[in-house]
Amino acid sequence: MSPNAYVVLSAILFSIGLLGFLIRRNVLIAFMSVELMLNSANLAMVAFSYANGTLLGQVGAFFVMVVAACEVVIGLAIIMIIFKTRRSASVDDQNQLKH
Amino acid sequence: MIPLITGQVVAFWIFAPLSIAGALGMVIARKPVHSAISLAGMMVALGCLYASLDAPFLFVAQIIVYTGAIMMLFLFTMMIVGVDTTDSLIETLRGQRVAAAIFVFAFAAFIIVVAGNGIVTGAGGLETANAGGNVEGIAKIIFGTYVFAFELTAALLMVAALAAIVLAHGESLRKRETQAERARRKTLEFAETGKDPGPLPGPGVYARHNSIEYPALLPDGSIAEKSVSPTLAIRGVAVVENDGLRAAHRAAITEFVEVQDENTGSDEAPKVAEELADPGSVERTAIETTDGDPDTPKEQ
C-alpha cells in the first residue's frame, strides 16, 4: 500500500474535523473535532515515517499525543468553569468573555 | 501485472472506511454522547492503521491515551455539562454554516488533490528501523536526540495538571450547616409551618421492585410522595401503576378481614373488598413534586 493513500485518508479526516469544528455549536463537539484534526495529523506523520524508513515521524506523533493530552485537560477544565457560571454548553453563549 | 495484496492493503481498506465513518458520525450525531462514541471508534480504527504502518508502540499508545484516557475525560465532562444538550439550529451569524461547508469542501478538494498527487513516493518500510524493536528504536530517539524536548513535556504535563486543579476548584458559596444548626432549623420549621422534622421516608426499594423509582406505600395503601427523589419525579421516571402496587396490600387486608369474619361471625368481607377495589384498575399516577428544588439531594 502506497503511503500516499494514508496521507489522503489523513487529509479527508482533517477536513471532516474542520467541518465539525466550524458547523457544530456544542462546545464539546467542537473540541472533539480539534482532537480529530490532531489525530489525522498523527496519521500523516506515521505514514511519512513509514515512507522514509525512519522512526522520527512516530516520535513526532508521540509528542503530539502528549501535547493533545495537556490541551484536553486544560480545555475541558475551561469548558467546565464556563458551564458553571453560564449554565450553557453552546459556543454561541460564550460571547461575554470580553469586558 | 497482478497487484500484490498484502496484509497492509487489507487493513487499510477495512479501517480507512471505518475511520471515515466514525469521523462523519461524530460530526453528524445530534447527541454529544453519540459523537463521543463515534470518535472513540474512529480512534481505535486509526490505531489499527498505525499498526499496519509498522508502529506497534503508537498503536497501543493511541488506544490507551486516546480511547482510554482522553475519551473518558470527554465523557466525564459530558456527564457534568449535560448529556442531553442538543445543538441549537439557530445561526448566530447568518449563512455561517453554508459558508463553512463551502470553505471546507474547497479546502478538502485542495488538500486531497495535493496529497493525492504523490508527494510521498517511496514505500520504504520500517524493517531496518524496526530491526532492534520498535519500542527500543523510539526510546533511543526520545531519550537520545530529543531528551530535552521529552523533559519539557514533563513540565508541560505538570503545569497542565496544576492548571486543571486550579481551574476546576470552586469555593463553596455558603457555610456548611452543622448538625446542631440543622436540628435547630428543623425544629423551628416544625414550630412555624408544621413541616415534619424527621427524615424523609425511604423509597419502596425491595417492596415490590428493585428500583428507587418505586415509591413507598403508606399504611392505607396510598403512595408516599416524598419517598421518591424529586429529581426522578421531575424527569417523569417515577410513574407507577397504583393498582399493581396496592395489590399486595389489598390481598393482605382481604385475608385479614376474612379471618376476622370467621372468628367473630360478622360479614364484613364483601364490603371491605368493594371499598378496596379501585375505580380505575389501570390508573397510573405521575408523582408530582410538592416541595423543594430538584437540585438539593434528599435528606435521609
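In case you wondered, yes, glycine gets a Cβ from its N, Cα and C as well.
Values in this document were obtained by computation on a predicted structure and should not be read as measured data.
As annotated by TrEMBL, region 'Disordered' applies to B:260-300.
What TrEMBL lists as transmembrane segment is B:12-29 (among others).
Taken from TrEMBL, the feature transmembrane segment covers B:36-53 (among others).
Residues 30-33, 36, 39-40, 43-44, 46-48, 50-51 of the same chain lie 6 or more positions beyond the ends of the transmembrane segment (B:59-86) yet place their CB under 8 Å from a CB of it. Annotation comment: TrEMBL describes B:59-86 (among others) as transmembrane segment.
Sequence annotations record features per position, and here TrEMBL assigns transmembrane segment to B:98-121 (among others).
Feature annotation from TrEMBL assigns transmembrane segment to B:141-168 (among others).
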Non-local residues, at least 6 beyond the ends, that sit with Cβ under 8 Å of the transmembrane segment (B:36-53): 7-8, 11-12, 14-16, 18-19, 21-26, 29, 59-60, 62-63, 66-67, 71, 74-75, 78, 126
